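Colleague: Among the features that Swiss-Prot reports, signal peptide is placed at 1-21. Look at Swiss-Prot and you will find 22-285 tagged as topological domain 'Extracellular', backed by sequence analysis. The feature N-linked glycosylation site is assigned by Swiss-Prot to Asn39, Asn138, Asn151, Asn175, Asn207, Asn228, Asn241, Asn256, with sequence analysis given as support. Under the heading phosphotyrosine, Swiss-Prot lists Tyr374, Tyr494, Tyr564, Tyr565, Tyr677, citing similarity to another entry as support. Swiss-Prot lists 389-678 with the feature domain 'Protein kinase', giving sequence analysis as the kind of evidence. According to Swiss-Prot, the feature compositional bias 'Low complexity' maps to 693-707. For 720-729, the entry in Swiss-Prot reads compositional bias 'Polar residues'.
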Amino acid sequence: MFSWSYLMGLVMVATATLSLARPSYNIAEDTTLEPEDANSSGDDEDDNDGSEDFTNDNNHMRAPYWTNTEKLEKKLHAVPAANTVKFRCPAGGNPTPSMRWLKNGKEFKQEHRIGGFKVRSQHFSLIMESVVPSDEGNYTCIMENEYGSINHTYHLDVVERSPHRPILQAGLPANTTTKVGGDAEFVCKVYSDAQPHIQWIRHFELNGSKIGPDGHPYLKVLKAAGVNTTDKEIEVLYVRNVSFEDAGEYTCLAGNSTGISYHTAWLTVLPDEERELDSSSEYTEIAIYCVGGFLITCMIGTIMVCHMKGRGKKSDFSSPPAVHKLSKSLPLRRQVTVSADSSSSMNSNTPLVRITTRLSSNNDTHLLAGVSEYELPEDPKWEYPREKLTLGKPLGEGCFGQVVMAEAVGIDKDRPKDAATVAVKMLKDDATEKDLSDLVSEMEMMKMIGKHKNIINLLGACTQDGPLYVIVEYASKGNLREYLRTRRPPGMEYSFDINRIPEEQMTFKDLVSCTYQLARGMEYLASQKCIHRDLAARNVLVTETNVMKIADFGLARDINNIDYYKKTTNGRLPVKWMAPEALFDRVYTHQSDVWSFGVLMWEIFTLGGSPYPGIPVEELFKLLKEGHRMDKPGNCTNELYTMMTDCWRAVPSQRPTFKQLVEDLDRILTQTTNEEYLDLNNPLEQYSPSYPDTRSSCSSGDDSVFSPDAMPYDPCLPKSQHTNGTIKT
């Protein structure tokens with residue numbers, strides 16, 4: 001690792017005059033390291049020196065021997081997680097020796113590793129892609145023929161990339177000098193593994209002071225990343241037509257889920273010499289205009305004062321605008337400082353938020369005495385008049401708040417007099433400061449992501465003169481899981497009520513359309529650099545017109561301090577929807593969302609079936625590591641099932657992207673007719689080992705994720721065991 005960093009450092013020095021390069025310790029995500037040669041990918045390319053591996057004496061028999069001992073000298077190898085590793089044991093002998101590998105003294109088999117490995121006997125090499133911490137250990141190659149054997153052991157250490165705050169290139173932004181009327185440019189280079197949020201900030205004075213009462217400087221946000229802003233655009237700040245008022249201190253501020261970094265530069269403004277050389281006649285003319293303008297201004301001012309006195313004392317609207325202050329107490333979010341510390345790990349592009357508390361100093365608890373005691377900056381684009389909102393019945397509760405139905409008059413700009421049904425998110429009475437921070441973060445995230453037909457969209461917010469209300473779209477048909485279950489045909493095996501007539505009869509095209517809509521929603525979220533982390537049917541809502549909308553994508557979840565194997569106070573983790581790399585190594589990417597999308601497809605084509613029913617969590621871990629996957633649902637075509645299994649590939653890079661899924665589903669949907677109703681004779685099946693289900697009762701805990709009472713009821717479905725090694729649900 002040291003030699004690699006050292007080489008990169010030399011390259012940077014050599015090219016410093018030509019371009020700006022990344023620091024040597026920032027290794028790209030898709031870099032492939034080979035223990036003995038970092039210049040080769042070690043994956044799909046043949047070895048340049050492969051001839052060494054085939055040394056063979058045709059004249060006499062010989063026991064195995066090493067053909068290149070230099071490649072065996074380095075025994076200890078440390079590589080970053082997610083890279084590809086190749087171990088080589090170049091050997092010769094007559095007859096050509098066979099090769100086998102041991103890990104920690106035991107035979108190394110494909111099923112011992114998620115994603116397996118490659119063995120190239122021709123080059124005597126072992127290749128492992130996307131290594132994770134569980135791959136650490138001793139790897140021994142044994143070369144043998146009938147005349148003897150030799151062996152060599154490598155030790156592999158997988159180095160997890162420790163999260164770090166953004167790194168700003170030294171010397172940038174640089175101090176700049178320009179003349180009045182000219183243009184100034186500041187450049188800021190930001191390096192960060194997690195997606196950074198970048199802001200340009202201007203320091204200014206208020207009431208003659210640059211520092212506020214709390215000791216923090218007064219700041220004004222000049223430029224921030226938006227939905228359609230590229231990294232290159234946000235890294236450059238232009239100040240056009242500079243005046244003396246523009247002189248001062250400018251800061252480039254970058255924050256991610258780990259922390260914040262900032263560099264400051266000064267803008268110096270010089271007078272325009274050409275303008276100073278104007279003739280005296282021009283100065284005289286200017287002076288005349290100034291005196292005349294001053295006299296006119298005084299007259300107008302006198303008239304206005306007299307008029308105001310006649311109308312009586314009016315309300316004072318001259319209070320200074322809200323300002324944003326730099327806080328070191330927690331990871332920066334958009335326009336927000338939270339007085340209490342927070343260790344939450346936000347999404348990589350979590351927006352920056354500012355909250356100013358007025359709680360009295362003698363309040364020792366973290367509970368909010370009243371949400372109205374918190375001041376939130378007003379966003380005119382999204383602010384909705386509180387008096388036009390009429391709250392209705394509760395719709396449900398979440399981990400930090402509750403949701404109620406409401407009527408909002410004029411929230412649709414095209415129909416200002418009409419009332420629309422909406423859903424309103426608000427805090428509970430016992431909400432904490434962190435709960436408020438989370439709700440504001442979710443609101444700001446939804447602002448950043450923008451609108452799409454297949455996600456729950458933000459409609460507005462009430463942030464002033466009362467508790468925080470976040471207004472979102474209302475989906476009248478509830479979550480997708482219950483929507484599908486209530487539409488199971490009466491004759492379908494394990495329907496809730498065989499005498500019940502379903503509200504609507506589902507066709508095969510309905511299910512494909514549902515899947516296609518959700519793929520489009522996830523494609524949009526991925527394009528906005530949003531990782532969902534909890535994609536499942538329970539987190540999809542259905543509107544009155546059967547439009548599928550992904551929900552809870554803006555929720556900032558804490559993933560640093562979670563026990564993946566035990567029930568927590570917030571319920572169960574969605575282990576049955578989580579990709580192996582997220583489950584075992586806490587690696588969350590768009591490709592881990594693709595895995596969850598495959599499970600969501602399985603839920604759809606089983607009409608709300610529960611994944612892996614009857615399988616304990618510990619057994620599920622073992623099955624996933626061994627490469628087992630759920631069987632094809634009865635109402636699913638081979639092509640769609642292949643799409644599911646592609647989403648469940650062990651190596652994340654081998655899974656399809658959401659863009660590819662949208663294209664494939666669009667094609668399938670176009671070819672599907674409307675008359676294909678569900679075949680009631682097809683049972684719903686899934687993989688399960690052929691052992692009896694020993695649970696004494698059915699629990700909603702199998703599907704409840706963040707709240708033990710996520711469902712009002714979860715009827716126990718009868719199970720038919722030992723039917724071709726499967727369990728039906």
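Glycine too: its Cβ is placed from the backbone N, Cα and C atoms.
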Colleague: State which of the following glycosylation sites has the fewest other Cβ atoms within 10 Å around its Cβ: Asn138, Asn256.
Modeller: Asn138
Colleague: Including all protein chains displayed, how many Cβ atoms other than that of Asn151 (N-linked glycosylation site) lie within 10 Å of its Cβ?
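Modeller: 13, counting other Cβ atoms within 10 Å of Asn151 (N-linked glycosylation site).
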Colleague: Identify, among the glycosylation sites Asn175, Asn207, Asn241, the residue whose Cβ has the fewest other Cβ atoms within 10 Å in this structure.
Modeller: Asn207
Colleague: Please name which of the glycosylation sites listed here, Asn175, Asn207, Asn256, is nearest in space to Asn241 (N-linked glycosylation site), Cα against Cα.
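Modeller: Of the glycosylation sites Asn175, Asn207, Asn256, Asn175 has its Cα closest to that of Asn241 (N-linked glycosylation site).
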Colleague: Along the topological domain 'Extracellular' (22-285), what average pLDDT does this model show?
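Modeller: So the average pLDDT across the topological domain 'Extracellular' (22-285) works out to 79.
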Colleague: If you measure Asn151 (N-linked glycosylation site) to Asn207 (N-linked glycosylation site) at Cα, how many Å is it?
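Modeller: Per the Cα atoms, Asn151 (N-linked glycosylation site) and Asn207 (N-linked glycosylation site) stand 78 Å apart.
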Colleague: At the Cα level, what's the spacing in Å between Asn207 (N-linked glycosylation site) and Asn138 (N-linked glycosylation site), rounded?
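Modeller: Here the two Cα atoms lie 67 Å apart.
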Colleague: Is Asn175 (N-linked glycosylation site) helix, strand or coil when read with DSSP?
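Modeller: In three-state terms, Asn175 (N-linked glycosylation site) counts as coil.
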Colleague: Calculate the distance in Å between the alpha carbons (Cα) of Asn175 (N-linked glycosylation site) and Asn256 (N-linked glycosylation site), and round it to a whole number.
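Modeller: Answer for this pair: 25 Å between alpha carbons.
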Colleague: Could you state the CA-to-CA distance between Asn138 (N-linked glycosylation site) and Asn256 (N-linked glycosylation site) to the nearest Å?
Modeller: 36
